[in-house]
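Asks: Supplied in structure tokens, the structure appears directly below.
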Amino acid sequence: MNYGEKSPALWDAIKSEEKRQEDTIELIASENIVSDAVREAQGSVLTNKYAEGYPGKRYYGGCQYIDKVEQLAIDYAKKLFNAEYANVQPHSGSQANMTVYNALLKPGDTILGMGMDAGGHLTHGSKVNFSGKIFNSISYDLNPETEELDFDRIRQLAIEKKPKLIIAGASAYSRIIDWQKFREIADEVGAYLMVDMAHIAGLVATGAHPSPVPIADVVTTTTHKTLRGPRGGMILSNNKELGKKIDSALFPGTQGGPLEHVIAAKAQAFYEDLQPEFTQYIDQVIKNSKAMAEEFKNSKNIRVVSGGTDNHLMIIDITKTGVTGKDAQNLLDSVNITTNKESIPGDKRSPFITSGLRIGTPAITSRGFKEPDAKEVAKIIIEVLDKPEDAGVLAEAKERVNDLVQKYPIK
């Protein structure tokens, strides 16, 4: 075999995935479509270079251009979020969160984060995750009537449990989050406040959601999702002294060599996010999300959790359709709509089955969908879930999906 000869099986799978993305309406809220420039940066020769350490303080030689790349990513990130400190090396959002915990906590310390069925993330204290195994994790839920954050209850839990760290942010919450209320609770009990804004980072960057950066001690995020960059993580803060602890907690504390080709792709994405067109994009993401939510609210069998959305996603309760979240996910897959099953607040079904779906609009907006198109997608979902065994309905749904993806090809 010649060096560099392609594996036919591998490239067949890659081409098949490319076709799947082109032919599918992508509604997974954490997915998006990156630019060719982001992909080019990630596939560059930077993948060949080891660069343990930070710009100007490397353990290897030959890092002069790597330093320029990483410093650009840092500078763009700081400008994008008006932050004093940025670390762009975390391999993922989970690694970013782990790094912050390692910097601020000791094993056994108490953390207070959003529960999974309320919309929280595994790394916010789930018992099956490192965050719930290494630390004493306490979860807060939503107000059962409004299905929104219950700050009185969060404050009560904080006073009772005395956490060293309070975690704000979510992976499945559709409303504006009041960071200042979290700050007041954290100050009252003497806790650090960490915000995980992985899902809404793009909205924060454009001002479509209030920024946690001036309020929290530290902010973590992914660099994909609404930032439309490569898969990876980042840590921000306005506290430079805390930043020094985070730097050492990440390297050598949590990771070794950074993925500089991914950091280059992060820099390119942040550069794109700083352009005026990105603000227009995020505005359209929210318009599409609200349009879909309104269409679902007009359905007799689908309920939108909390009654609507303020951001890029919504959770829909499909209990009345008689279809589980798992079956709905598979059913929609069959008509080329990709979404994911999601627990609803107080869900009696397991997280592997669920009574809901999470719907997000970042990827369809990147393709060019506008409000009428978003409404059409919602109508297709409603009809499929209302008549899940009607072959005619499913065939028509697939045709309507095909019309939309042909109208808005991935560029």
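Cβ atoms here come from the backbone N, Cα and C positions, even for glycine.
Taken from Swiss-Prot, the feature (6S)-5,6,7,8-tetrahydrofolate binding site applies to Gly120, His121, Leu122, Ser350, Pro351, Phe352, supported by sequence analysis. Residues or ranges marked as site 'Plays an important role in substrate specificity' in Swiss-Prot (evidence: sequence analysis): His224. What Swiss-Prot lists as N6-(pyridoxal phosphate)lysine is Lys225.
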Asks: Over all pairs within Gly120, His121, Leu122, Ser350, Pro351, Phe352, the annotated (6S)-5,6,7,8-tetrahydrofolate binders, what is the largest Cα to Cα distance, rounded to whole Å?
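Replies: Maximum Cα-Cα distance: 16 Å.
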Asks: Between the Cα atoms of Ser350 ((6S)-5,6,7,8-tetrahydrofolate binding site) and His224 (site 'Plays an important role in substrate specificity'), what distance do you get, rounded to the nearest Å?
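Replies: Each residue's Cα considered, Ser350 ((6S)-5,6,7,8-tetrahydrofolate binding site) and His224 (site 'Plays an important role in substrate specificity') end up 28 Å apart.
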Asks: Whole-number Å only: compute the distance from the Cα of Leu122 ((6S)-5,6,7,8-tetrahydrofolate binding site) to the Cα of Lys225 (N6-(pyridoxal phosphate)lysine).
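Replies: Cα to Cα, Leu122 ((6S)-5,6,7,8-tetrahydrofolate binding site) and Lys225 (N6-(pyridoxal phosphate)lysine) are separated by 17 Å.
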Asks: In whole Å, how far does the CA atom of the residue listed as 'N6-(pyridoxal phosphate)lysine' lie from that of His121 ((6S)-5,6,7,8-tetrahydrofolate binding site)?
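Replies: That comes out at 15 Å between the alpha carbons.
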Asks: Let me know the DSSP-derived helix, strand or coil state of Leu122 ((6S)-5,6,7,8-tetrahydrofolate binding site), please.
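Replies: The three-state answer is helix.
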Asks: Determine, to the nearest whole angstrom, how far the Cα atom of Gly120 ((6S)-5,6,7,8-tetrahydrofolate binding site) is from the Cα atom of His224 (site 'Plays an important role in substrate specificity').
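Replies: Cα of Gly120 ((6S)-5,6,7,8-tetrahydrofolate binding site) to Cα of His224 (site 'Plays an important role in substrate specificity') measures 18 Å after rounding.
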Asks: Just jot down the residues in the same chain as Pro351 ((6S)-5,6,7,8-tetrahydrofolate binding site), at least 6 apart in sequence, with C-beta under 8 A of its C-beta; none if empty.
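Replies: For Pro351 ((6S)-5,6,7,8-tetrahydrofolate binding site), the qualifying residues are Met116, Asp117, Ser343.
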Asks: Identify which of the binding-site residues Gly120, Leu122, Ser350, Phe352 has its Cβ surrounded by the largest number of other Cβ atoms within 10 Å, counting every protein chain shown.
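Replies: Going through Gly120, Leu122, Ser350, Phe352 one by one, the largest Cβ count within 10 Å is at Gly120.
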